[in-house]
Amino acid sequence: MSKSNFTRRGLLKTSAIAGAGVAMPTIFTASSAAAYTNEPTGSGVTLGFNVPQTGPYAEEGMDELRAQELAVQHLNGEGDGGMMNTFSSKALKGNGILGNKVKFVTGDTQTKSDAARASAKSMIEKDGAIMINGGSSSGVAVAVQGLCQEAGVIFMAGLTHSNDTTGKDKKANGFRHFFNAYMSGAALAPVLANAYGKDRRAYHLTADYTWGWTQQASMQAATEAMGWETVNNVLTPLASTDFSSYIAPVLNSGADVLVLNHYGGNMVNSLTNAVQFGLQDKMVNGKQFEIVVPLYSELMAAGAGENVQGVIGSMNWNWQLQDEGTKAFVKSFGEKYGRPPSNSAHTCYVQTLLYADACERAGTFNPCGVAEALEGFEFDGLGNGPTLYRADDHQCFKDVLVMKGKENPTNQYDTLEIVEVTPRAQVEYAPDHPMFAGGELGKCNPGA
Amino acid sequence: MLGLNKHDMKMLLIVAALAMLAPFLLNPFPTDSAMAQFNAGYPDLMQRFVIFGIFAIGFNILFGLTGYLSFGHAAFLGVGSYSTVWMFKLLDYNIVPGIILSVIVAGLFAVVIGYVSLRRSGIYFSILTLAFAQMSFNLAYSVLTPITNGETGLQVYTSDPQYLIDDWETVPHLFGLVEMRSTYTMELGAWSFDFNAGYYLCAVLMVLMFYLSIRIFRSPFGMMLRAVKSNQTRMNYTGLNAKPYTLAAFVISGMYAGLAGGLLASMDPLAGAERMQWTASGEVVLMTILGGAGTLIGPVVGAGFIKYFENIFSKINENVLHEWFGFLPDGLENAVVWVVEHFVGSGWHLTLGVLFMMVVIFLPGGLVEGGQRIMRMLRGKKSDNDAEKTTQSTPAE
Amino acid sequence: MDAVILQILNGLDKGSAYALIALGLTLIFGTLGVVNFAHGALFMIGAFCAVSLSKILNLSFETIDETQTDFLGNPLKVKTAYIESWFGPELGASIIDWAVPLAILFSIPIMIGIGFIMERGLIKHFYKRPHADQILVTFGLAIVMQEIIKHYYGANPIPTPAPDVFKGSFDFGTLLGFDPNVIIYPYWRLVYFAFAAVIIGTVFAFLQFTTFGMVVRAGMADRETVGLLGINIDKRFTIMFGIAAAVAGLAGVMYAPINSPNYHMGMDFLVLSFVVVVVGGMGSLPGAVAAGFLLGILESFASMNEIKSLLPGIDQIIIYVVAIIILLTRPRGLMGRKGVMED
């Protein structure tokens, strides 16, 4: 058959050389002069903003991106400086980070752990990003956090609410500013007991994946501590779009509160369906039937429209807060984009500033130095009052907001109102709390 | 040579050369230039090109030859990845046991799913495979979380047993010779080129798999599979039972998918459930059709195209556009940016959608067919030789 | 017992959505032989017809109210809908309130138009092309449609409520002798069910009792012969495509109040609608409708707590399990015709 001029021997030789070529890189791996992954070479420093730009969370991702761009402007001394003026640490000077102009690259997580990791990897490998920030789901956050740990860059987690992110999946290179499921439960339970009484019977509908489970466990523990009883917990498939068959049996179960442990599109649909069934108009056990949505976001509230009215939930931050930091941020965000920022936007903005500030205080971009500067860092002036980045698990501790769907919204952004600002002391927990057990922070990894 | 005729040998050598020189070919623009955005020669994406190339080559053995359109091949990719990560968790970071296991497990899955699904043909077969894959995905995401780690994806924890682990092992490697992530960066003036160990491992495997698929296409077995496609009834009347052949093709292509899954996990030790979703199965179908179903090289080209758009176009944002078009007068700049913006960044899906339509409308038969037409036009119609005809079989119905 | 009745209601309701989508898809896929991956997108566009009409009715002019301020502390711009200023606040408000039912009239010409353009401009050239090419081109088209909607309406779901009179739920239990509040069902979902029944009935009657329908049915069975008889079957197929698009669109319009529409809702239904059509059997309209209701009801039963506690996760996979069982026991689904899309 063979008609070609290539000989078998020739090919063997070539492949031997090719084989040697494959083995070669090990020799060179450690030879690079850099002390850590993507050490800036003087022409500026690159941050990677990895947010969902397609799929159901695209809108949330867009808002994060807006906030991140704003943060970069402020770091480079453009615009009005936003929260840099109210931040208790004054290390940032508006001349970039450590004198390096801040540049950024963006990517699309698609809210899939695979795609998110691919996108983060391209930022690290191709664009030389030294910090990754953003995202809007816990699965993605945990996946990207693991990647950043391996690659030796800092990960600022964006929106992630599962206990696992700073629990069993915590990593030394990752930090979370967002609150978590435990905190939601701890903040909500007293308010719920106050508003609806202590002898309530709760029925949980829970999204059937890790975030949903930790959210449900936290809510159940916190409400039962207040004297509530849990009638049932039903797991719903992630792919569900119509929740009618899960909601229909609720009214006959003897429960008088429905807790929807859903987020995103699931939450919009399950809440809409529950309201359609007219649950809130019913009296059960002699009490008005109520619905609770433990984790709120402005965008989801907007998606559910008038269905959120009177429904209680929790949030990390809200633009209606009246502290100086919040006001400064809302002003500069609002003037640039003509809309108030969402709580995920706030998280990403603040994390970008905090990262930059930590670099300034550490005097280096080395992830180990930055992590050390962030660990145990106490600050104020970024909304939510005095805040701590705990060294033990890299979880942030600050006040948590309990929100309620507004009865008569005056405009499209005015869907939720603040019911209570739960003080930080009430949502704190020990680092070895059983809901967070199992993981190890490990050692910080500078990469090279 | 190697049991190939001249034309096939030429094609194999071209593929091998492209794979080996990819770090140069994919980084044609200087690192600091504005066009660097289009460089695709960084380790992660190069790895994806060849791994999804393997996936698509395998898919094409089933679809291109027999015409059976499986809509559930991502399930094999997923189980392959899970097997490999489990080997990391139980043994150590050496990738070889994991990759071997991934091929075996995917093969077993393929035997079961194939045996059941192949009892039907046409659209009924497609829906059966789709149903199996969607079941795997839904269960992996929820009920099977102890095995799959659900939403987050399976990853290696320090608390895992890892019975064979040595102290120095922190990332996947090949017998301790080389770590998959180790990269040698060659600076050449304004250019820089990345040579990544993991990429070369995948590339070598891809070339081997490509060779294997040529052999299958040209073998009597491949002939038999084509017969299944062109007229199964006639084949049955001649006393041949088509099912063992199609099942064999199904299992082989499932093993290819398992290998691809194992390699994905070896390059980056995380296995996400999304790998099994119908969108992932659909993706490999699109790759194959886009490149040219039934052609040898088409699926690889299609895989490269889709991955390129996903990873490169999605990262172009407004700032980058303003940099590119900064030389234009302000008003014009904004207008151009406004138009282009819709096709990049968060609009990369739109580009992909338009591309799909363009290709199928103007290049029936896929990108390879298009390439051949252009070649023919350039060469002036003469090279309509037999070899090309055999490579270019008609796409399946 | 009450739980079973509730789940039957749920099943009928889910089933009517599935049946409507599958009906349209079967007209295109099971009869014209085109694998239309853009069918989900047509459903989505239908839902956005409702959104658009409600936006159009809400078109408003701004007046500045100095007494109130917006979130930045600037004077608040108060919006008043033109409709309200033309017809007076009360009539105007009720017109806006009825946006979704009005969108039925608004959507029919739009959807038929889209169907015509799709068929004449694109699909027509793909009748003779391999199914693989049809998949690629219609999938590309679906992405383009999605992205256009995303560009104008964003990715977030848009609440599109039903008219006020349909809010709340109807107490079925009292009719059947149960206690109050035992079996309640939302009015709008009952409307959806009735609406689906009317549409399905209309399509069947149209195909069964009109000459046009007869020719189309003949064309489905044997296109060539009908062509040889001198009948212009192409033109009729174009019309069928328009009707199929309209059915998908109407299913979407009425679905908008049930779940807030978003740009990728079509993709959520795409896989499911193919499963329904194939389980029903290729080329069979009654099969598609029957399969829609069957899968809807089984899905509802699978989500009952009693069944979930026996088989955890069964509600995740029930549709696919049923599909596999049916396809293995009945080679062509419930009522499939021999030889349609079998090779």
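Cβ atoms are placed via backbone N, Cα and C, with glycine included.
Residues or ranges marked as transmembrane segment by TrEMBL: C:16-35 (among others). Long-range contacts of the transmembrane segment (C:16-35) within the same chain, counting only residues at least 6 positions beyond its ends with a Cβ under 8 Å from a Cβ of the stretch, are 42-43, 123, 126-127, 131, 134-135, 138, 192-193, 195-197, 199-200, 203, 216, 220, 237, 240-241, 243-245, 247-248, 250-251, 255, 258, 269, 272-274, 276-277, 280, 282-285, 287-289, 291-293, 295-296, 340-341.
Per TrEMBL, the feature transmembrane segment maps to C:42-61 (among others).
The transmembrane segment annotation in TrEMBL covers C:98-123 (among others).
Taken from TrEMBL, the feature transmembrane segment covers C:190-216 (among others).
Look at TrEMBL and you will find C:237-258 (among others) tagged as transmembrane segment. Outside the transmembrane segment (C:237-258) by six or more residues, the chain places 17, 20-21, 23-25, 27-28, 31-32, 39, 42-51, 100, 103-104, 107-108, 110-116, 118-120, 123-124, 160-162, 166, 188-189, 191-192, 195-196, 199, 203, 206, 212, 216, 219 with a CB less than 8 A from a CB of the stretch.
Here TrEMBL flags C:270-298 (among others) as transmembrane segment.
Here the transmembrane segment (C:310-328) has long-range neighbours at 272, 275, 278-279, 294-295, 298-299, 302-303, 334, meaning same-chain residues at least 6 beyond its ends whose C-beta is under 8 angstroms from one of its own. The transmembrane segment annotation in TrEMBL covers C:310-328 (among others).
Counting only same-chain residues 6+ beyond the ends of the transmembrane segment (C:190-216), those with a CB under 8 A from a CB of the stretch are 12-13, 16-17, 19-20, 23, 27, 31, 162, 166, 170, 226, 231, 233, 236-237, 239-240, 243, 247, 250-251, 254-255, 258, 285-286, 289.
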